Amino acid sequence: MSDDMKVLELSEEEQSVRDKFIYMLTHWFGPILGLIAIWAFFAITAGKDFVDLSNQQLIVLQTVVVGTAAVGATMIIISGGIDLSIGASIALTTMTVAWLLDKGYSPALAFVGGIFTGMLVGFTIGSLVIGHIGRVGATVGGIMLGLWIASTDAGWLGGLISGFILFGAVIAFNEIYIKRVPISSFIVTLGMWGALRGVAKWVGNNEPIYPENRGWVGDLMAGVPIGDSGFALPAPGVWIMIISAVIMVLILTFTKFGRYAFAIGSNEKTALLCGINIRGTQLWIYTLAIAFGGLAGILQFAFLSTGDPTTADGYELQVIAAVVIGGASLLGGEGSVLGTIVGALIMTVVANGCTKLGLENYVQQIVTGAIIVSAVGLEQWRHGAKYAR
């Protein structure tokens, strides 16, 4: 072997080691080191008010809603999509839960109704993304007919049956006669952002809903006191976020569905050649992911104790920022749930720290924007020439 060949092999080996080091630094350790650095900065500048145990518990609690929604958004971004409607989905869910409780339904039914709302929104968005416009018409038409029939003497059972009949008929017509017209997830979710806000306002006649009996759903964001010690266990909502993250890790890591999400985000054409059902997988990605948004909406309701059609305004940016700061690529194919949770914590620490320093809200927004740009810039640097092409 010539000296030139040895030098070439050595340089390729060094390049491989360097690439692996950069990947580990930015993908795994980067978000954690960033969280430590930002926390240390505010600990030094804000002092005791920031490092106080009660404030640390508050930081974790304030992370729950965005963190839970971001867990679902991680799967969407990994698959190469985007969701700009998550804040509106959360607002609609708070209204759904509040409406059900206000009408006297059980907390358990309100909880299930909140998750179902998220799944329904996800199914609608997913159907539009893959081009099944008829499915959207079937869903909306079935719900509207069902609600109208339920308000008559036929009751809820009649409304449910009528809604499903119309849904099935329109779905059958769609499959036979209507051609698929896929739409960009950016456009779909941007449009749904406005539509869902409108529906949320319609549910409460443009007013918040204040249910008198919230049951255990209203206690999901309250700490559990430990006797008379003055300490409390983390609120159930914190455990819900953690369990949600574990479930998503299991889905993305150990299921064929999770591997398909990564494959579609990495290269959709290659995934199609490998026999992956692209459209079906995308539909279930949005349905499942935004179900986590519905869960976040339930936690937001518990935090506010009311259904508010204007709540979660701007959460779209926070959720996407959490996923990107956590190491996900906006081009798809990369991302981790652990990184997303760390990213959500970073967002909360920044907001909390700025508040403790007495900084105005616009300063928080500037800092948040700078962090997002820095995270994307780091991602471009890590990929190098891949982004330049």
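Placed from the backbone N, Cα and C atoms, the Cβ positions cover glycine too.
Sequence annotations record features per position, and here TrEMBL assigns transmembrane segment to 28-46, 58-78, 84-101, 108-134, 154-174, 181-200, 238-262, 283-305, 317-350.
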Maximum Cβ pairs under 8 Å to the transmembrane segment (28-46) - stretch from the list 58-78, 238-262, 317-350:
317-350
Considering only the recorded stretches 84-101, 181-200, 283-305, state which has the highest number of Cβ pairs under 8 Å to the transmembrane segment (108-134).
283-305
So, does the transmembrane segment (84-101) come close enough to the transmembrane segment (181-200) to give 3+ Cβ pairs below 8 Å, pairs being at least 6 apart in sequence?
yes
Of the stretches 84-101, 238-262, 283-305, which racks up the most C-beta pairs under 8 Å with the transmembrane segment (317-350)?
238-262
What else in the chain is close to the transmembrane segment (58-78), if you only count residues 6 or more beyond its ends and a Cβ gap under 8 Å?
86, 90, 185, 221, 223, 234-235, 237-238, 240-241, 244-245, 248, 251-252, 258, 261-262, 265, 285-286, 288-293, 295-296, 299-300, 303, 312, 315, 318-320, 322-324, 326, 328-330, 332-337, 340-341, 343-345, 347-349, 351-352
